[in-house]
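Over in TrEMBL, the protein carries these features:
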{"type": "TRANSMEM", "residues": "26-48", "note": "transmembrane segment"}
{"type": "DOMAIN", "residues": "40-290", "note": "domain 'G-protein coupled receptors family 1 profile'"}
{"type": "TRANSMEM", "residues": "101-120", "note": "transmembrane segment"}
{"type": "TRANSMEM", "residues": "141-164", "note": "transmembrane segment"}
{"type": "TRANSMEM", "residues": "197-216", "note": "transmembrane segment"}
{"type": "TRANSMEM", "residues": "237-260", "note": "transmembrane segment"}
{"type": "TRANSMEM", "residues": "272-292", "note": "transmembrane segment"}
Amino acid sequence: MTEENQTLPEFLLLGFSDLRALQGPLFWVVLLVYLLTLLGNSVIILLTQGSPALHSPMYFFLRHLSVVEVLYTTDIVPRTLADLASPHPQAISFQSCATQMYVFIVLGITECCLLTAMAYDRYAAICRPLHYSTLMSWQACTAMVGVSWLMGIITATTHSSFIFTLPFPSHPIIPHFLCDILPVLRLASAGKHRSEISVVTATVVFIMVPFSLIVASYARILGAILAMASTQSRRKVFSTCSSHLLVVFLFFGTASITYIRPQAGSSVTMNRILSLFYTVVTPMLNPIIYTLRNKEVAGALWHMVKRQVSSP
C-alpha cells in the first residue's frame with residue numbers, strides 16, 4: 001500500500017446496510033422529512049424577513065436558526081439517501097468525511113449558541129424590559145449571531161484538525177450513516193486518551209455550558225413570572241417562551257443522550273436511531289413548533305397565505 005493511502009484512508013460508511021428490510025421505508029421517510037424541513041424552514045426565513053410584525057430580535061435569531069437547520073440537514077441527508085438507495089455500505093473519501101464532520105460541527109455549535117442567545121432575549125424582554133432596547137439592539141443581535149458562527153468555526157477547526165491527524169486503520173468501517181465525532185474517534189488506532197479528553201471537553205463546553213446559561217435565564221424568567229399578580233399575565237408571558245423551551249428540550253435532550261451517556265454497552269442501532277432523530281427529524285419539527293405554538297408566526301403565515309390566494 002502506498003504512503004498516500006496509508007495517510008488518507010477511504011472510510012466505509014455502514015449506514016443502514018445491515019438492516020436491509022428497513023432501507024426502503026427509511027429512504028422514503030427520510031426523503032419526506034427532508035423536503036418538509038426545507039419547506040418549513042424556508043417559510044420561516046421568508047416570514048421573518050418579509051413580515052414587519054416579525055422584525056424583532058427573537059425572530060432575527062429564529063431566521064438564522066432556520067438557515068442553520070437547512071444547511072445542517074443538507075450536509076447529511078442527501079448522502080444518507082444515496083446510501084439508503086444502495087444495499088451495500090458506501091465508501092466515503094477521507095476529505096469528504098472530514099468536510100462532512102467539519103460542517104456538522106460548525107452548524108451544531110452555532111445552533112447551541114443561537115438557542116442560548118434566544119434564551120437571553122427572552123430574559124431581557126421579561127426581566128429587564130426597560131433596558132431591552134439597549135441590551136438587544138440590532139448591533140448586539142448581529143454580534144451574538146456573529147459570535148455563534150465564530151464559535152462553530154473555531155470548534156470545528158480545532159476538533160477536525162485533531163481527529164483527522166490521528167492514525168486510522170487502512171480500511172476503516174464507520175458503524176454509522178455519517179461521519180460523526182464519536183464513531184470516527186473510535187476508529188483511531190492511537191491517541192485514545194487524547195480522544196476521550198477532546199470529547200469530554202467538547203461536551204462540557206459546548207453542550208453543558210450553553211444549556212446551563214439557558215437554564216439560568218429561564219430560572220430568572222420563572223421568578224419574574226411567579227412574581228406577577230395576574231394569572232392571565234403569567235400565561236401570556238409563558239406563552240412567549242414555550243416554543244423556544246420545546247426546541248431547547250429537543251435539541252439538548254437528544255444531543256445529551258448521544259454524547260454524554262456512557263458508551264459502554266451502547267447499541268450501534270440505537271446510536272444511529274438517535275442520530276437520525278436529531279439530524280433529520282428535529283430540524284423538521286422546529287418550524288412546526290414555532291408556527292403552531294407562536295401566534296405571531298402563525299398570524300404572519302396566515303396573512304402570507306391570504307395574500308397569495310387573493311393575488312391575481
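Glycine is no exception: its Cβ is also placed from the backbone N, Cα and C atoms.
Below 8 A, the CB atoms of the transmembrane segment (26-48) and the transmembrane segment (141-164) form no more than two pairs separated by six or more positions in the chain, fewer than 3 in all.
Sequence-distant neighbours of the transmembrane segment (237-260) (same chain, 6+ residues past either end, Cβ-Cβ under 8 Å): 108, 111-112, 115, 118-119, 122, 125-126, 181-182, 199, 202-203, 207-208, 210-211, 214, 218, 221, 224-225, 228, 271, 274-275, 277-278, 282, 285-286, 289-290, 293-295.
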